[in-house]
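As recorded in Swiss-Prot, the features of this protein are as follows:
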- 29, 30, 31, 32, 33, 34, 275: ATP binding site (BINDING)
- 5-277: domain 'UvrD-like helicase ATP-binding' (DOMAIN)
- 278-593: domain 'UvrD-like helicase C-terminal' (DOMAIN)
């Protein structure tokens, strides 16, 4: 068992009580996640809480993956059957909401970028009207505001779009939360209620929330309903709250703090720091203006200073620098990575964090030029964000939904055709299909109370209100999908690869508008698409392996691919290999809950915006041993470091400290120093770093040889 601190044991040993709250205030690197994991172990092995009575919430898929992986390790190390970990409910809030709604409604659409683009095709073209939008982001905001105001703002165009979304079961993430709450509110004695929904009401006894500071108001209705009457255990740090743009964290925390009586609420604190060096902690404390006096620590906790865990000083302070342009900043980062790799660091030790994805994209292109392997970290898998993959999913939805609807032609259900949305989205991506054609077709379908698919396959084409060239494109669309829908082939194909090949073949024949997606002519973009397609195929195979009887494969996959992606990622954890790895690129928001031995924190030389205090604090506290800060604009930061220092190369004491901290061998640090310097000098000569300043040039991938 891991060596736990007195403050951690206080949390772990706090006994189970129904309708109670334990709030654990835990700073970065305080062992919060480890405490949560051992609390779960304690509940099962000591408190006799069944694993299926425990529910864990986090906000990101990466955090859920990490919790499950670490639970498996802890249960195995404690000689407890690790298979019971899979009986514990561990979800993102939206993942759980999605499962509730799908279980009660069947297939739904969570609207993504490609969906908003499709909806924009239905908007009138006049720029003089109040419903003209320059981007799908503007439309998304207006629709959200319309729903929040309960349709009080008189806008018939938005009203029609929202009606279409409702009829086609198209939901935003906020809609998902509201809809899930509605099903939890239903009478549990209702015989039609689904078992998972009943379990959330009745089975779970303990709910643990990881990173409570990341919660925002729209999540409150669902979370408070689930947690009421159970033991609620929350872990978090208000200094790391960086989702203020989604609403005030204080609002939802006030509801959770008052969920149970005050005499049933306990607040505990973790002040240890297992992660960052004292030098990094000192800078982080300065940023949030928190004094480090031991008196404050003693006042806030029962531990004495000698009981609190702190790492020894490393002797290396964070470096704070300012650069005039991206070239100078990037050259510094490349040069410093060269020094670090030529010492004792691995690529996998290094993370480059920024506030924006656009700045990370610029840095990624430069890393690629130098042959430095990198990986972008995101809140959800890349394949699910790829517009081309989203299009394939929408084609599958068209086929599945339209095939189901053709059996109901005798029923006059008006405009409530769920396939309409996916058809509009996929048609919007076809070359030569403009807004006017989409609007004319949709209006004609509405007048006849037919779905778009039924209209195109039942109404003679001479009645279509479309030009000849557009009619041909529509006929090509229907002819390519006809066999899948009208012959029910989509529900008969049971092999994931056959289904994917069929959908890919259909897509290839549809004459897509290349400007609707990322350019497929670019080699890197094509390679990314191939990678994402392979991952989608793997998730489909996972879905096939656990498909229950009585449901077609395509329907099962489309209803559960969010959950199946989680299963796939968990299975991949055990397959990770050792080696130099990759440099991690991430926004500060996506790096929440993660740590890295070495962090480059960059804001971009062209950014005139000061860094938000909490975001800067989160970025700083991701670093374990080394921190380099580039163009960080903040009132409590002063740029004072020289970007041309090579001192880290010769600091044997630090590299001994570094390798001990990461539990690596330290015997070769001194012996190989001379060779490392020689290797670095050769690399910097190749790259042009021997000058005080140089512009970036096309370089060979020299790093692949080291």
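Heads up, the Cβ atoms here are built off N, Cα and C, so glycines get one too.
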Per-residue pLDDT averaged over the domain 'UvrD-like helicase ATP-binding' (5-277) comes to what?
86
Neighbours of 29, 30, 31, 32, 33, 34, 275 excl. site residues, C-beta within 8 Å of centre, ATP:
26, 28, 35, 270, 272, 273, 274
Whole-number Å value of the largest CA-CA distance among 29, 30, 31, 32, 33, 34, 275, listed as ATP-binding:
12
I'd like the number of other C-beta atoms within 10 A of the C-beta of residue 29 (ATP binding site), please.
22
Under 8 Å between C-beta atoms and at least six apart in sequence, can you list the same-chain neighbours of residue 275 (ATP binding site), or say none if there are none?
28, 29, 311, 595, 621, 624
All-chain count of other Cβ atoms within 10 Å of residue 32 (ATP binding site):
24
Let me spell it out: for each of the binding-site residues (30, 33), count the other Cβ atoms within 10 Å of that residue's Cβ, using every protein chain shown. Which one has the most?
30
